[in-house]
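> Before we start, here is the structure in question, set down as structure tokens.
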């Protein structure tokens, strides 16, 4: 098979897997192969694997796998941190092995050898900073300060005590079952960082995402310039089409095939990072967290159900009153067709997020968390 067809098939399969994994649960893909692939990737493959292991090795083997799953998914562990470092190291190794011999080239100067290493180093620095920074652990010593920093909205947050830590739960905090601690302005537990993302390290997490997005885009552009330079210098297209078949020159083209595959990989990772960064940037813009997004969805759904129940009761009462009162002539079919149902009006519920105080204030709260400010430290010293 020609190399170009291998590259096209590789790109299409990569796109199919990414779209199925990320978007397969969307209603538009319901009943399609993409939905089935999504189910297989997220649940089916693991379920079939457990069944296979159980049928071959018995229940003890399944329990051993579930123990490994518990360690990897439900307890603090460095597995994904090691995988991240391996991905970064292996990707950079292949880029250096396949491309550094062509730098400096027709379009790139030798300076890019050092900027690429610097870029990877800064990315690893942000990774380590996010991983080991305190996310904003709530303790008995600082719980009163966090309570004053974030007021209760009495909607999704009310005064209560953490049943595990036995201390009051400040608004916007959550007890992480994996880390076994309460975290202020809790967003989510990130397995890649082996750490919670909270009030104090959200800024580092955002910097990590943004920098890795730029790093992948830089890699795509740099590899593209390397390929373009080699094609121009060696007149590869002319030579392959006039004198040789692709198969006869595959060994000479091997480094460039690796570069193309790396470009496809970096492009896919860029799309993932861009969507993830965009999602969290929007959360920062509205001063909301991932945890609060789920809470608000549950609250809004509950409000809609309450309003629908009230509207149904009011409509039933009105119909009963109408039956007992003087009979009116029936409305025309056109009026009945265009009349809005009371249940449609009942669905309008409003999200009242008291923590959203404008874009500038919201972004500044991420960059400069309340617990790092002098006012917070002064309040802490007074209380102690």
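Note: Cβ is positioned from N, Cα and C throughout, glycine not excepted.
Annotations in TrEMBL come from automatic prediction, not curation.
Okay, so TrEMBL annotates it like this:
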DOMAIN    158-297  domain 'Palmitoyltransferase DHHC'
TRANSMEM  6-27  transmembrane segment
TRANSMEM  39-58  transmembrane segment
TRANSMEM  78-95  transmembrane segment
TRANSMEM  116-133  transmembrane segment
TRANSMEM  204-228  transmembrane segment
TRANSMEM  260-279  transmembrane segment
> Would you kindly list the residues that approach the transmembrane segment (116-133) from elsewhere in its chain, counting only those six or more residues past its ends and only Cβ-Cβ distances under 8 Å?
81, 84-85, 88, 92, 95-96, 190, 193-195, 197, 200-201, 204-205, 207-208, 211-212, 214-215, 218-219, 222
> If you average the pLDDT over the domain 'Palmitoyltransferase DHHC' (158-297), what number do you get?
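Mean per-residue confidence for the domain 'Palmitoyltransferase DHHC' (158-297): 85 out of 100.
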> Count the residues of the domain 'Palmitoyltransferase DHHC' (158-297) that DSSP assigns to helix (H, G, I), to strand (E, B) and to coil, and report the three numbers in that order.
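Summed over the domain 'Palmitoyltransferase DHHC' (158-297), the classes give 87 helix, 14 strand, 39 coil.
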